[in-house]
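First up is the structure itself, then whatever we jot down about it.
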Amino acid sequence: MDTLLDIKDLQVFYKTELGPLRAVDGVNLNVKRKEILGLAGESACGKTTLVQAVLKLIKPPGYIVGGEVLFNGINLLKASENKLRQIRWKEISYIPQSSMNALNPVMKIANQIIDVIEAHEGKVRKREALHYIEELLVKVGLSREVAKMYPHELSGGMRQRVVIAMALALNPKLIIADEPTTALDVVTQRGIIQMLKDINKDFGTTLLLVTHDMAIHAEITDRIAIMYAGKILEIGLTNKVFSEPLHPYTRLLISSIPRLGSKQRLVGISGFPPDLRDPPPGCRFHPRCPFVMDICRKIEPSLLKFDLERFVACHLYSR
Amino acid sequence: MSFITIKKLKFIEPSIKKAFKNRIFLTGFSLYMILVIACIIGSMITPRSLTIVGAVEPMLPPSNKHPLGTDILGRDILAQLYISTINSSKIGLIAALIGTFVGSFIGFVSGYYGKSLDFSLRILIDVFLSVPSLLFLVLISALVRVVTIEMMALLIAAFSWPWPARQVRAQVLSLKEREFVYLAKLSGEGGPEIIIRELMPHLIPWMIANFVNAYLVAILTEAGLSILGLGPQMDITLGIMLWWALSHAAIFRGLWWWWTPPIILLIYSFFTLYLIQIGLTEIINPRAKVM
Amino acid sequence: MGSTLRYIVGRLALYVLTIYVSATLIFIIPRLVPGDPLTIYYDQLREAGAIRGTAEMIDEYRKMFGLDKDILTQYFSFLYQLIRGELGYSITQFPTKVSDLIMRALPWSIGLLSVTTIISWLLGTLIGAIAGWFRESKASQILATSALFLSTIPYYILAIILIFVFAYTLRLFPASGGHSPGITPGLSFTFIQNVLWHSFLPALSILLSSLTWWLLSMRAMISTIKGEDFVIMAEAKGLQRSKIMWSYAIRNAILPQATGLALSMSRIFAGALITEVIFGYPGLGTLIVTAIRSVDYFLIQGTVLLSIVAVATANLFIELLYPLIDPRIRYRGS
């Protein structure tokens, strides 16, 4: 099967004092084997919630309202505790946002990786495991000594790399990376992006890369999905989307990337993202859309196929 | 100056509203107030004469005439109870007020002015904190023979300042570095203005929490000292009532109505005060859910 | 390793300073009261008719403590005597030395306190951890509310209630003493059994109240840690629930729990002291109060100082264990 991960009609809300916040509201997305799929969008558009829902890591006040997440034919949302535990990390691993805090402060790095190995492969011999882990660390650009260290002895960038190494440990089929470079300096960013590219190329690991940084998407993703206010607005091959953006929002996103050498004024997008407790009727982007039509205010556009590899949710393109 | 006062008031009102919305705080506060008010009213309508030795027939179990009975020395217990509760609260109030104010002041000065002053004050605070204060209180009361409520309160206050000092100091230290203080300095605010307008609003919740804590600890300490026989002997407090009861083997003489009421009121007080504390913690630090 | 050393040295310095300041306060405070302590007792003893030996005793003291010399010399000889472990003679039980009386009472207090503290901390932490992990469950809520209620009751008040229930009403346990009067002390089985029987209620008073305290703090801690990023990460890694609870949550919560224990030492000791008195238990508590009642100045001084040293030492012991539990302190230092 070509599709590795199939997300259907996923809805995830948050309970608030003023009613449910519709963070992810009917998302349809699929991730193909061996590709790097980028998920782009402003902060608080629901990207992280979406990704956490895939791994069923949503905690109160968040709750999954409905939908399916099919991985190799298994619906992760309905799978048993045991099955889910087996799939986690071994098949799908996760590089969370702000990996600085993702490591256990009182355990040595090696032990944190050993425990995930043992959880899935059974008891291992410490020496062999240590050797494997050291190799892993070297692969992500860290020295062997890191294995014996504690998280607080490492810098933010180093910890990020540790989490990436950990994500690779069991050779998963899919790695979900949520803003893997946001808190890092540009040089480290470069290294990590390159590393992810290599992992995909050398091992055929599928990558779901979530970031608001369009430049990164331009650089390594094969396909890109644009998310806004809990909905997917456009999906397509990255170079096509960048050269011919269809959705007005996509157009504005791409034109907001500063380009070296050009003296163009930086264009932001006016207005603010909607309050997801009470989203606007019709198309969620219509209050900020420069091409808004009457129908946009009333009827919500569905994500429709535009082209072989292109989907867009906009009335400009529906017949 | 009036400008500063207005600003302070504006900040206090919504905080009070916020405080009373918290259910735990509300429960504790109202229950405790009911006790205090009931005792104040009770002490006003009950004649003092009932608490003098030999006033009534001794060792009587609860009856219509003496709702809580009488003790071995011929004193009405309910009458004693009203006054004891008020006295225990008085001690708590005085000790907590002095301790919190002095402690906050020291902690503030230490944190704000820093350098060598902070160094020496910090060591002083730490040492006082690691010393078991009850032992010193025992030592001092044994030698000085504390006689009145006010003396006891002052004595306890002498050991209740370190904790507020440490807390306020920690707060001031962390606040000093925050951007809004730099901003205030840049915009030309002077020393005292910064203290009152920028820092105080953050410190006041802590000071209130410290006050409640000091109050609770003071009542606890006084009860403990009094049970040992080191309390203010000229008056009665809940602890002293217990001391009288225990010294006359009330338990084994079956005079349960003598030692039960003080215990119940002490537990009631501690529990409601503790609820107030928990409520305050939840308000100050919304992320810390205690229950 | 340098930071650990700094941490240890810092802790030791505070320890020594605390004891020094306490000793100084113990020196100063009585001397603020008008009158020479010896003269007061000389008069008291004379009134009580215990004239024999008084003149010799005063001479002995004058020599040992240099009370005829100026205050500064007195202070230094006081400190000197202290370092040598010389605490003087008890006035009411002359010629027994203060240190002997303390040595007789100390094992009782240490036994009672250490057993109850360790059990209540371990049990409270364990139950609290599980209650914190399953925080939303009915059982956890009920447990927390009852624990909350119990934790506000001071040991000595609980003691009174327990005496009423178990000693007076049910006549199951003795209300006072460390052992029954007739039995000879020693390592015999009957003696130990007797001691345990007498220690049961005092221990229970302290244990019940302490346990709830540790339970509540651990429960709150675990509940908070459960929401931390690294715990969610552990879940994402597909680790077993029990592994996450132990190696991720509890391992991290133990340090603040231990800190809490160190900070509570004074409070626990104070409460235990009063509890001992209520039970007439032959430990330091009763010794201090007896000293107070008979105004045995040097006994008061010695016992108070020793109690302070005991608490500070227990505190230090726990603090020195931190680097073993928390790697962050090993490398960074406080």
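Note: Cβ is positioned from N, Cα and C throughout, glycine not excepted.
As recorded in TrEMBL:
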type     : residues  : note
TRANSMEM : B:24-45   : transmembrane segment
DOMAIN   : B:85-277  : domain 'ABC transmembrane type-1'
TRANSMEM : B:91-113  : transmembrane segment
TRANSMEM : B:134-159 : transmembrane segment
TRANSMEM : B:207-228 : transmembrane segment
TRANSMEM : B:240-259 : transmembrane segment
TRANSMEM : B:265-284 : transmembrane segment
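Highest Cβ pair count under 8 Å relative to the transmembrane segment (B:207-228), across stretches B:24-45, B:91-113, B:134-159, B:240-259, B:265-284: B:91-113.
Within the chain, the transmembrane segment (B:24-45) has long-range Cβ neighbours (under 8 A, six or more residues past its boundaries) at 78-79, 81-83, 85-86, 89, 265, 268-269, 271-280, 282-283, 291. Panel annotation: around the transmembrane segment (B:265-284), residues 18-19, 22-29, 31-32, 35, 81, 84-85, 88, 205-206, 208-209, 212-213, 215-216, 219-220, 223, 238-239, 290-291 of the same chain, lying at least six beyond its termini, place a Cβ under 8 Å from a Cβ of the stretch. Sequence-distant contacts of the transmembrane segment (B:240-259), counting only residues of its own chain at least 6 positions beyond either end whose CB sits under 8 Å from a CB of the stretch, comprise 59, 61-62, 68-69, 71-73, 77, 80-81, 84, 223, 226-229, 231-233. Away from its own ends, the transmembrane segment (B:134-159) comes close to residues 87, 90-96, 98-99, 102, 128, 218, 221-222, 224-225, 228, 230-235, 237 of its chain (Cβ-Cβ under 8 Å, at least six residues beyond either end).
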